[in-house]
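Okay, structure first, notes after.
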Amino acid sequence: MRVHPPFPWLGGKGKLADQILARLPEPARELTYVEPFFGGGAVFFARRPSGIEVINDANGEIVTFFRVLRDRTDELIRYLQNTPYSRQLFYEWRAIQDPAQLPEIERAARFFYIARSAFAAESTRKNPAWAFAKVFDNKARSMAAVIDSELRLVRDRLRYALIENDDAIAVVRRFDTPSAVIYCDPPYLQATRRDGQYADEMSDQDHENLLQVLSACDAYVAISGYPSDLYSDHLESGQGWSFVDVAHSCHANRSGQAGEDIDRERTERIWLNPRLTDWYDRHAPRQCSLLDLCAV
């Protein structure tokens, strides 16, 4: 059974997970799979578990939620089942400045609650807004379904993963070996976005530092993001990387109308380092090998 991310995440790769995984080596006991920017974990949850798996995020709230879900499943589920779906509670929890001071169960529940009840996956923002739909399949009902039926499946998928809360570059350096598969989904460059800011931002210099480290890796490396001059300069100027562009609809932030959200067409780019490009050229199905992958 395929496991789905337990909460929506702006910039999550749920719609692209299969295309990303198709360009990575098949899971195997001898490989170490590493995600330095875990977020909602759409690609990880779509991947068949095998070998060593390392998931990391610099956001301590994400990491606390997944660790508590894995290690204290019944307590967390019971707490969430007894938590009402309430605008007042949403804004009370959102107003907490230092959630690390909360008891661990409440801290994990708070993160999940805000992530599930925020408008259009806005929990990545600094000040997300509460949402409620006047239809049968509203957010209160969908949250209850996830709590009752899906969180234990997520726990099972996390059971053997190493969960880190560290700087992404430090994690890349720590686990970079020829037997590692590193998939990076960093926050989008600010210049490529059409709205908003993330709670955990990366500057252009941060992106440059990351690309320099990834370019020196011995591992198989894949990166996803929107096309940009910065990434083109580092990865598309004869360094042996390749890329594929994938059009998809992006569930965007609120538009000018109150309570309105919209889908926008965006182009996501997936870059493969030289080693992964060579692997893909040799292992991709004939009908798509080199037809949708642009060597640069």
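Using the three backbone atoms N, Cα and C, a Cβ is placed for every residue, glycine included.
Among ASP167, ASP176, ASP185, ASP204, the residue that TrEMBL places alongside TRP9, LYS13, ASP57 at the S-adenosyl-L-methionine binding site is ASP185. Cβ neighbours of LYS13 (S-adenosyl-L-methionine binding site) (same chain, under 8 Å, six or more residues apart in sequence): ILE20, ALA42, VAL43, ASP185, SER224, GLU268.
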